[in-house]
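Lifted from TrEMBL, the feature list:
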DOMAIN    25-211  domain 'Glycoside hydrolase family 31 N-terminal'
DOMAIN    253-575  domain 'Glycoside hydrolase family 31 TIM barrel'
DOMAIN    584-671  domain 'Glycosyl hydrolase family 31 C-terminal'
DOMAIN    687-760  domain 'DUF5110'
Ligand code: MIG
């Protein structure tokens, strides 16, 4: 395809290499990130995901020797051969990633004459092949490799042995392991080889394929049906560094409004007004915290976006303001499909200005979605995005607090959009094949910009379809799961891999969307939801009710317990998000992200870390009341419920009756807690609780806590506070010294006091700034209060 190397030329950080048939550019983005590019479709890179490419100047060398070109940075050695074969080594020449030599040799699907036709008649489905790839890179499968990431995929954490397709797909059938595509396309993965991690981001928005040693165990490959060859090799060696660098390229999740971390209740559909108000009232009457309620498609007038059905909601503004007084924020759904309907303002304006995608004869393209005949806004066009952003004002003026973007794969009821539907991508005329996977991305971006402009608050957007980089604009949920134990099980690796793929703020429909939930399933699901980034219960029309109280008293109590625990953890979650701004590390993490040295963690599908310090090992099987828990090597772990300490590096058995979710806190950490509130902002938080798990030796614990107004963009001007808590045990462990430092102060509200809750110690005396203070023992932990910036000594 490329032919022999003819020569090369270095221009700044780019090495232009001429091959007989094609030119390529190898760009040194940093010592650890290299981009490989060939303009197979068009000259420019035009990334939709990387909006602000930051090249870090670094020294590197380029030489040619015999049959190859050798590029060396401080971290990587890259050999480039004829046919654009690339081998990448670390700085000690250990191979990391080597191109496979030779052609694909797929396994044979054996059948018998006529046999398949009969099977197909019965309804059996055959997987498509993918021999139509115009861009393709084959890499040699090394021994002992593991693969993660790929965005939102079914199956397990490690993707080795599977094939995936990136083509945003709305398939309402129950999602199972054999699904190759779902709603989101994030063409990024992490390879782990002998404890070294690297990432590959294949930035191509066309239908792409990733085969991870499925068709042949000698190689893995990625490729696309069209577009440029454009991929980044991102070195670790730690997985944390890979995620950090990948999110540095594609962007990170901005701080959300604090309330979005609270509990959210959704249902298709809370209509009319009286039903929505009833739901709100139940939460408060039953003492179950809740911050957000959702309105699904039925609030609209004939499914016309940006309208209200005034029969069901006679006065939305008044209703929303009444709800707000009670702490409820309302999020409304907005689909992309605009009803074809003369006289409907949005349609008229869109038609007048040519804002809809058109067919090849430039006639606006019509398909069918909820409103019947509908048109698709040309979101890849900035003008259209600006218009869509303006439309957000309609909803914001009513007092809506967030926008839920559904159906933006885009979905269509009347067969898929034809390949040649035309889009105008900011001046470049292109088609559905190229824009399909970024349709939801651009829609979320427009929604984000609009909400930001009209509220000046941090926008809350939640989208179903996305591409790499959408994390800059939107939260995601994983679409139409079902109330199945299998889907609860699957949600963990799916969310962990989304987290590794840059999507920090993600969640599944807690309790399951389709099918009827059971009391036990909801009880176990809420225990997972409590520790996952987006905590939203959602269910479909015609399924049985699924609110926390929809079953029996025990289920309601369990819901209340975990939803309240969530509210206690809010400052911990928020701190983690704040730290994510620089680390890129997600909220939900697979164990190996922090324990890469411990191979036992590589395939743990049923446990996860919430931030760095909380390990959750939920029960995800019906009828189970005990489970095996693996505690990773390198830390000690404290049972959150009993405070018993365990050494890492082994499996333990934990009894877990229905109301107990096994949770372990890393020893030597601090978990900040807020008091439980009915909703974020109900109480003015003047006291921060510090739940402390002292180290077993004299290791110093440092925890940084972040505080701001939780809603505006003032923090970007530096309006926030930082607190540093330092805890150090003496060698003989006879005493523990604690220091509180407010290391940065620019935000007016601050805490008046700190409540310390120290687990697993038995002090004789506690001194604050040298004076003895009182303490009590509550549930086995000692508790005492101090004012700001005190030095504490515990004897
Ligand atoms: O085809 O708006 O995933 O959350 O409740 C159904 C109705 C359309 C799909 C979404 C789901 C939402 C539903 N929507």
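Note that Cβ sites are derived from N, Cα and C of the backbone, with glycine treated the same way.
Taking the domain 'Glycoside hydrolase family 31 N-terminal' (25-211) as a whole, pLDDT averages 94 in the prediction. Assigned with DSSP, the residues of the domain 'DUF5110' (687-760) fall into helix, strand and coil as follows: 4 helix, 41 strand, 29 coil. Counting residues per DSSP class in helix, strand and coil order gives 6 helix, 34 strand, 48 coil for the domain 'Glycosyl hydrolase family 31 C-terminal' (584-671).
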